[in-house]
Each structure stands twice: as structure tokens, then as C-alpha cells.
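K.L.:
One structure is given below, represented as C-alpha cells, and several questions about it will come after.
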Amino acid sequence: MCLRRKLANAIRALSIDAVQEAQSGHPGMPMGMADIAEVLWREFFKHNPKNPLWNNRDRFILSNGHGSMLLYSILHLTGYKLSIDDLKKFRQLGSNTPGHPEIGSTPGVEMTTGPLGQGLGAAVGMAIAERTLASTFNKPNYDIVDHYTWVFVGDGCLMEGISHEVCSLAGTFGLGKLIVFYDSNGISIDGKVEEWFTDDTENRFKAYNWHVVSNVDGHDYRSISSAIKDAILVKNKPSLIICKTIIGYGSPNKSGLETSHGAPLGENEVLLTKQKLGWTYPPFVIPQDVYDHWNFNLQGVILENEWNKKFQGYYNKYPDLANEYLRRISKNVPDKFVDNFNKFIKELYLCPKNIATRVASQNVLEFLGKSLPELIGGSADLAPSNLTMWSKSKSIKQDISGNYVHYGVREFGMTAISNGIAHYGGFIPYVATFLAFMDYARSAVRMSALMKTQNIFIYSHDSIGLGEDGPTHQPIEQLSALRFIPNVNVWRPCDQLETAIAWKNAIERKDGPTALILSRQILCQIDRSQEQINDIYRGGYIVNTTVRSPKVIIVATGSEVKIALDVSNILFKKGILVRVVSMPSTNVFDQQDNDYKEFIFPRCLVHRVAIEAGISDFWYKYVGLTGCIIGIDTFGESGSSDQLFSKFGFNSDIISEKIISYLKSS
């Protein structure tokens, strides 16, 4: 057996042993891609196992994340803090080797992957981030940002629609440092893909403006190495390397079959496979000579030390740029940023305006853009509607050091790309579309929350208030759907002041995404005290604090807060005292201490009403099963905003009568 094959077989052996030990997992892909991984990681991949977060490391994304044991095996072999005992605990509760790669669980894992295609989208984001950051900070002889993004994908990734969205955009942007390996083994869970996947992948990607290296023997290290060298030479296009492989390579009875995809080989087949591969070692045993050839600790330290030396020279020559680079990579805001943001909010308080919250958001962006150069925005072909561009927005297509991405109509791809930009570092991304189209992107929003990504999602045209475009564009259930995703802070502000504070919360939050739900129609600014402004940060607060001993609480969000205040005035004239609560963020409110929640919603105040132009079921947690909810549980219609609010009962007189009836009946 040649040395190169022996090194690849170490990946195969560890993968089949771990899957067999766990009695679950996916051995076929690691067995099929082991030779590709050996060539990439030993000949080309730039990293430092001693410091997995070295800034100028290459990025590796396993988009076909079910083959996680391939990555875990490589990380163990190259010297990361991942032991044999960790591999033996593969897929076990509490281990750092979960079934699919999870960022934060395993050193060396750059991105949580599993839902096919999303890793590819994130990789496009990382390649965008690398190029944009490089164009901002690099100077002659000082390429402090200079590395590749490498991706493994399978048939499933390329069948997913997101692959079209993100690869089309990557080709348009000419991301020359993005190199993707396609594991073309012709097998998926259901069998041979020729029955459902007959795309001409080579010409598909050429049409995207990609460089394609086809017909690479995925089990011949010379062919693989030659293909990578070919791809590296192409600077103005991303590259796809199509590797012909055999799933379950080495298994006498399961290679080339779907039976090797997602289940242990079985004890007998493991023995037969190792015999065929010439692997004579017990389970989880790697000979020292294999470790010696795989270990990358020394080379990694040398690479990082060389970069540190270069960065020191850069720092000496360009100290301001170097400090700005370090600030951005460290995720620290600029000096005086918080003070300036607070001054900006105070100005909004002193100079009230009746404007749509999407306009208010754009005004905040005008302030943020001048204060936070790390802010990088984009919209799914709705910039004039979402209002996501500010006066100094620059398209990265026209200027690679720009700060704005025209994503085109690619909501899902846009969000996955934004996840990659966020995890790359040095940027705070925001992306936008209509709230009704959030459903296209929802899976990537969920991944953002799972990965604790600082990502900002702008969803405008937040209700039937968008008007004449009709029910296809009018969100009903989307707002609640977002709130139900764990770790997403959802804000639906009622005016420009709440909008600014929602943005401030999003910028300050480092452990998860924030969704800003914004109106198309003009909303009135509400009068508040400084104490009330402070309480906006708590997600929910009392708007009409002068009311003492109320009989009923009305809680509302967004455009319905003004309606709630009008209702309270009508009921006051009828002798009914009402407390109005604005709850711009139910998620943030739920995180408050029990005393504050009791202060807002005293248990003794059992008469409660919720008003929101969306699905009603969500609000029972606040008003109780006997509460009154004014919501919308059908789809909308085409008409003006005023007509629709009236038709669906969002009228202060109608709601007042409903509340009176509710109080009488209870």
C-alpha cells in the first residue's frame, strides 16, 4: 500500500469505527472522499491546529455535513484538540463530536452544516467577506487577508435550490478564492441518482461563470492535486472540481450502493472492508507513522508566525489600519459609538416624526453607516422598498471594498450567505426582504439562531397594511413563525424611537440574530418619558403610565399600538380605565425578570386584550385562555391599507365595542 492511500485509509478506518461504535451515522461519504481530503489538507490547506481561530486561516466547509466523521477524523489526525475518546463518543449526548458539525462544539469546525446546500451558501458568504476585507485592509507587500475557502458538496447539495441561488451569485461576483469539490458518486439515500438527477453539472456551472475541472479521479491523489493546482491558477472565477468517487470505497459488499450512505456497515463488513483496504489495526488505533505524516502542528505554527511577522510590519507602517482591523475582528464597536447612538436616540425623542418604520430604519442606517464600517447590507432585489441603502452604500460588484450586496431575488441564498459573512468575522451583516417572503429564507434563519450568529434580518411590509399587492404579499403567520424560532429576537416597533432602539439591541447582541419587522405605512410617534424609553429595551412597557387602577390591559405591537391608545381613550370616556402595553419584542420581554413581568401584567388584572394584525394564537400566552385577541386568522385581500384595516376589524370603534362585550361576558 502506498503511503498516500494509507493516510487516506486512516480517515476511512476512524470513520467506519466511529459510526459502528455509535450504531448510527454516515460512513459512505467519508470513505468516498477520504483521498480528496488527504490531498487538500496535507498539500494545500492553510491552518494552525494550535490556534483554530487564527485570522488568516483557510476556511473549510463540509456542506454535506452528514459526513461529519471525515472532518472529525482529519481534525484529530492533524493535531486539533479532538481525542480518540472524543471520536468514540461520536453522536453521543454531550460529546464534542455531534452527528452533524456544529460551530462552537468542535475546534476546527467553521460552520454548522447538515441541511444540504446551506454550507455552500455560507461558504460563498465567507469568500465575499475575505475579498471585501482584503480590499479594505491589504496594502502592497502586506496581504494580511489572503486565504481560500474550500467546500465539500455532494449530489444532495447540488439538487437543493439554494445551490442555484448562491452559485449563480458567486459566479457573478467572480469569487476566485472559492473552490468547491463535488463528490459525484451518483448515489443518494433512495438509490442511484440517475433516476432523479441528470443535470449536466459541468455546463451548469460554466453557465454560472465558474471555472470547472471535470472528470477528476477522486481516488487518485495525482489527479486531485493537479485539479487543485489548476483551480488555484484561476483568479477571477470560483472553481468547481468534479470528483468521480465511489461511496463506501473499500467495502466489498456496500461500496457504490445506497446501503453505505446512512447506516453502520456492520461488524462483519467492517472487518471485510479493513481487509480489502489493507488496514490491519484494531478499532480506533492509528499507527505512529500515520500520525507523524498527518500532524500539522509545527507547520501551522510556522504559518501563523510568518503571518504575525507580516502583520507586525503592517502595524508599524499602517498603525491606524491595523488597529481598525483588530477592532473589527474582535467585534468591538468604535470608541464613543454607544454614546453617539444614545445621542441619536435622544434627537429622535426631541424631534418626533410620523414616518413608516421602514423609513425610520433607513434613518438609523444613515447614522450607523457613518459610525460602523463593518456594517454590510443587502436586499433580495427590494432595496427601494426595504430601504436598506444609505447615502454611502456601495455595491461590492462595482467596488469590492463596498458595503452593499445586491442579492437579486434569492431570499434563501441571501440569508445563508449572510450567515457565512457573519461567522467569517469583521462584519455585521444585515439583509432584507418582505416579511411574507421570509418563508423562503426560514431554514437559514433557523440555522442563524442555532449557530448564535449576529445577523440582522429586515422584514418590511409587515401586515395587511402594505395594501394593494394583496394576500400573496400580506404576511399573516410569518411574525409568529419567527417568534417561535429559539434564539431569534424579533422586534416590531411602533414608531421611529422603538425602531432605533431595536437596531441598537441588534448591534449590541452578539449571541444570536435579530429580526426587525417594519411597516410600509406611516405610523405616529408616541409621547414617552425617559423612563419609558429605557423600558423599550426590555421588550415591553406601559405606554399610558398615568392610568391608575386599570380594569383591562391592552397589549399591542407595531402599527396597532396607536389603535390601542385610541381605544383606551374611547373606553376612558365610557368609564373604563385601560393600561396600554407596547410590546415591540416578545422575545426580549420574555427574558425579563419575574418582577418586571408582574409589574406589566399583574396577576390580579385578568382582563387582557391583544391587538396585532397577524395570527391570533400566539397571544394566548399573555392574555390567557379567557383573554380577548384581535388578530387575523385568514389571508388578506387586495385593497388600500385603510380599507383593509377597517375590513379586518382594526378600527378603534369596533375594537372598543368588542372589549366592552368581552368585559360584560367575563
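Using the three backbone atoms N, Cα and C, a Cβ is placed for every residue, glycine included.
Per Swiss-Prot, the features are:
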type	residues	note
BINDING	His26, His261, Arg358, Ser385, His461, Asp469, Arg520	substrate binding site
SITE	His26	site 'Important for catalytic activity'
BINDING	His66, Gly114, Pro115, Leu116, Gly156, Asn185, His261, Phe437	thiamine diphosphate binding site
BINDING	Asp155, Asn185, Ile187	Mg(2+) binding site
SITE	His261	site 'Important for catalytic activity'
ACT_SITE	Glu411	active site, proton donor
K.L.:
Measuring Cα to Cα, tell me the gap between Phe437 (thiamine diphosphate binding site) and Glu411 (active site, proton donor) in whole angstrom.
P.N.:
7
K.L.:
Applying the rule Cβ within 8 Å of the centroid of the Cβ atoms of Asp155, Asn185, Ile187, what extra residues of the same chain belong around the Mg(2+) site?
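P.N.:
Same chain, not in Asp155, Asn185, Ile187, Cβ within 8 Å: Gly32, Gly154, Asp183, Ser184, Gly186, Ser188, Val193, Thr245, Ile247.
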K.L.:
Where Pro115 (thiamine diphosphate binding site) and Arg520 (substrate binding site) are concerned, what is their Cα separation in Å, rounded?
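P.N.:
Given the Cα positions, Pro115 (thiamine diphosphate binding site) is 33 Å from Arg520 (substrate binding site).
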K.L.:
Could you tell me the C-alpha distance between Ser385 (substrate binding site) and Asp155 (Mg(2+) binding site) in angstrom, no decimals?
P.N.:
37
K.L.:
Of all the binding-site residues here, Leu116, Ile187, which one's CB has the most other CB atoms within 10 A?
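P.N.:
When each Cβ's neighbours within 10 Å are tallied, Ile187 tops the list.
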K.L.:
Please give the thiamine diphosphate site's span as the largest CA-CA distance among His66, Gly114, Pro115, Leu116, Gly156, Asn185, His261, Phe437, to the nearest whole angstrom.
P.N.:
35
K.L.:
Are any of His26, Ile187, His261, Arg358, Glu411, Asp469 (the recorded positions) within 10 Å of Gly156 (thiamine diphosphate binding site) when you go C-alpha to C-alpha, and if so which?
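P.N.:
Of everything listed, what lies within 10 Å of Gly156 (thiamine diphosphate binding site) (Cα to Cα) is Ile187.
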K.L.:
Expressed to the nearest Å, what is the distance separating Asp469 (substrate binding site) and Gly114 (thiamine diphosphate binding site) at their Cα atoms?
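P.N.:
Asp469 (substrate binding site) to Gly114 (thiamine diphosphate binding site), Cα-Cα distance: 36 Å.
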K.L.:
Cα distance, Asp155 (Mg(2+) binding site) to Gly114 (thiamine diphosphate binding site), nearest Å?
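P.N.:
Cα to Cα, Gly114 (thiamine diphosphate binding site) and Asp155 (Mg(2+) binding site) are separated by 14 Å.
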K.L.:
Out of His66, Asp155, Glu411, the recorded positions in the record, which is closest to His26 (substrate binding site) when you go by Cα distance?
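P.N.:
Nearest by Cα distance to His26 (substrate binding site): His66.
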K.L.:
Whose Cβ, among the recorded positions Asp155, Glu411, Asp469, has more other Cβ atoms within 10 Å than any of the rest?
P.N.:
Glu411
K.L.:
To the nearest Å, how far is the Cα of Leu116 (thiamine diphosphate binding site) from the Cα of Ile187 (Mg(2+) binding site)?
P.N.:
15
K.L.:
Determine, to the nearest whole angstrom, how far the Cα atom of Asp155 (Mg(2+) binding site) is from the Cα atom of Arg520 (substrate binding site).
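P.N.:
Roughly 41 Å, rounded to the nearest whole number.
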K.L.:
Look up the residue listed as 'active site, proton donor' in the DSSP assignment and reduce it to helix, strand or coil.
P.N.:
helix
